Amino acid sequence: MIVKLASQYLLNCKYSPQKLLSTAIAFLAAISLLLVANRALAHHPFGGKTPSNFFEGFLSGIGHPIIGIDHFVFVVAIGLLLAIKPRAILIPVAFVLATLAGTGIHLLSLDLPAAELFISASVLISGIILAMKDSPNSIAIATLAAIAGLFHGYAYGEAIVGAEMTPLVAYLLGFALIQLAIALVACQVGRFAIKKVTNEPALLLRFAGFTICGAGAAFLSSVIVG
């Protein structure tokens, strides 16, 4: 439903695809600065409160990949890669499944060292791949996305530690669905831009890749500097 609404909006939109994508890129660049201001919020959609029922668990799951700006930008990058790579549906699927596994690792009290560092680095790497003229094939990117997903999922697990089974299942369902939705909407925007621009359309998404690189660098520096 979300993807269908996005498609209808894009088809009826009076703005050029260049302007739409430029606006989206500017938005990504602006919100990347929010991570420096309040990184802790990204791991606690309910302000640190553990979800206690299905509704809270589901909303928390939906919220985490959105208010966690580093997670959000990475999923957008995956969606844009889906727009330009053949048979690339494996990329978001591998990532989402890996985030579920990563959350499980956290709940089992197993340790993934330097998770925030790897999450920030994954945003930077996804931007580099998107900006490349000749990027790796879909299987290679899906493998990298799965590795990144373990660390993103590990971070997601922080907000649900100690929850009962019902909110836990709702949380997993929420963040799995919202990540797929974000990726598919980003894919639709990317494909729309490519379809409407006849003069080197790939440059639009490469430009998006450079911008995501900048966001990733900002995230990474905020982790390193602290």
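Placed from the backbone N, Cα and C atoms, the Cβ positions cover glycine too.
Taken from TrEMBL, the feature transmembrane segment applies to 20-42 (among others).
Annotation comment: TrEMBL describes 62-82 (among others) as transmembrane segment. Counting only same-chain residues 6+ beyond the ends of the transmembrane segment (62-82), those with a CB under 8 A from a CB of the stretch are 28, 31-32, 34-35, 41-43, 45, 88-89, 91-92, 95, 119-120, 122-123, 126-127, 129-130, 135, 141, 145, 148, 152, 155-156, 159, 174-175, 177-179, 182-187, 189-190, 205, 208-209, 212, 215-216, 219.
If you look up TrEMBL, you'll see 89-108 (among others) marked as transmembrane segment.
Here TrEMBL flags 114-132 (among others) as transmembrane segment.
For 139-156 (among others), the entry in TrEMBL reads transmembrane segment.
According to TrEMBL, the feature transmembrane segment maps to 168-191 (among others).
According to TrEMBL, the transmembrane segment annotation covers 203-225 (among others).
Highest Cβ pair count under 8 Å relative to the transmembrane segment (139-156), across stretches 89-108, 114-132, 168-191: 89-108. Beyond its flanks by at least six residues, the transmembrane segment (89-108) meets 75, 78-79, 81-82, 138-139, 141-143, 145-158, 160-161, 168, 172, 175-176, 179-180, 183-184 of its own chain at Cβ-Cβ distances under 8 Å.
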